[in-house]
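Per Swiss-Prot, the features are as follows:
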- Arg48, Arg54: NADP(+) binding site (BINDING)
- Arg125, Ser126, Ser127, Asn238, Ala239, Gly278, Lys293, Pro294, Thr295, Ser296, Ser297, Arg319: FMN binding site (BINDING)
Amino acid sequence: MAGNSIGQVFRVTTFGESHGAALGCIVDGVPPGMALSEADLQHDLDRRRPGASRYTTARREADRVRILSGVFEGVTTGTSIGLLIENTDQRSQDYSAIKDLFRPGHADYSYEQKYGLRDYRGGGRSSARETAMRVAAGAIAKKYLQQQHGIVIRACLSRMGDIVCRQYDWAQVEQNPFFCPDAQQLEALDALMRDLKKCGDSIGAEVTVMATGVPPGLGDPVFDRLDADLAHALMSINAVKGVEIGDGFAVVGQRGSEHRDEISPSGFLSNHAGGILGGISSGQPLLARLALKPTSSIMVPGQTITRAGEATTIVTHGRHDPCVGIRAVPIAEAMMALVLMDHLLRQRAQCADVACTVPRW
């Protein structure tokens with residue numbers, strides 16, 4: 001009931017709070033015999049970590065991960081892998097002035113209603129700080145998927161506010177602090193971020209995540225559809241308010257003659273479905289987009305109430321991201337990797353002996 005785990009065969013359980021001593025997770029279901037080191041996980045953690053650029057939160061965490069178990073002599077043993085990241089740059093005093101206030105748009109009010117109390121320091125368990133462990137676990141899945149099955153997962157910032165990326169150059173994504181695939185938009189993004197910092201406000205974003213090399217057959221009927229599990233995983237990311245698979249909400253304006261992905265002897269002629277048909281992967285690239293709200297931790301005064309129900313005004317003075325969509329890029333990759341890893345192992349467990357003569361491309 002606690003909601004701290006995801007996956008069935010490849011299962012990840014996280015723990016920790018924003019201003020607690022440490023963050024950690026247990027990863028079950030990792031196949032034995034895969035070479036694994038802390039360096040394999042650190043690359044994606046460095047992409048996500050706070051303070052990595054002037055466009056993200058000023059909180060500076062090294063996010064150095066430690067592997068506590070499940071790896072012997074540099075190789076996975078098949079047993080539970082324990083991971084730990086210590087928090088080192090907490091400034092809980094930044095939140096002392098608002099400990100009895102509810103930040104509008106945050107989980108403060110709903111957590112208080114659910115538990116009767118809350119950790120007001122940076123949001124506690126509801127903070128996006130928790131996603132560091134998802135990225136660490138996702139790095140394990142990404143390595144296995146790529147090495148064993150040739151599956152490559154990548155994401156990018158496809159929109160920030162009114163700035164929309166028109167060109168998708170994946171080589172460009174890792175060359176700028178926005179994870180933006182369109183070099184022509186970098187100047188506009190920089191100007192927007194400087195304006196947001198100047199006025200103490202924030203902005204929403206869209207992140208696109210894609211997986212190539214996904215084999216057909218992943219996913220189960222009805223409640224365990226691949227797209228259902230993927231949407232669940234992506235919606236669990238902090239600040240995500242919407243998820244699209246394939247053409248998503250654009251299908252409302254399409255006709256069946258346009259939307260259906262016709263098939264030829266050489267393969268599919270389009271990919272409006274985003275690589276999933278009937279909840280099961282088709283072998284085409286998996287494509288999803290997620291919409292992230294603007295963070296509510298801003299310097300602009302807003303109305304709220306105290307725990308006693310009295311009206312008051314609030315200003316959040318902590319260190320926060322003007323656009324959470326930037327650091328959501330490696331998180332989206334991690335969540336897609338966790339879902340694909342779990343479904344791949346489930347498919348192997350049930351259908352490893354299935355032989356299909358229908359062409360695949």
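Each residue, glycine too, has its Cβ placed from N, Cα and C.
Projection of Swiss-Prot feature records onto the structure.
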residue	record	Cβ neighbours (10 Å)
Arg48	NADP(+) binding site	24
Arg54	NADP(+) binding site	11
Arg125	FMN binding site	20
Ser127	FMN binding site	20
Ala239	FMN binding site	21
Lys293	FMN binding site	17
Thr295	FMN binding site	23
Ser297	FMN binding site	23
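Each residue contributes its Cα atom, and for Arg48 (NADP(+) binding site) and Ser127 (FMN binding site) these two points are 14 Å apart.
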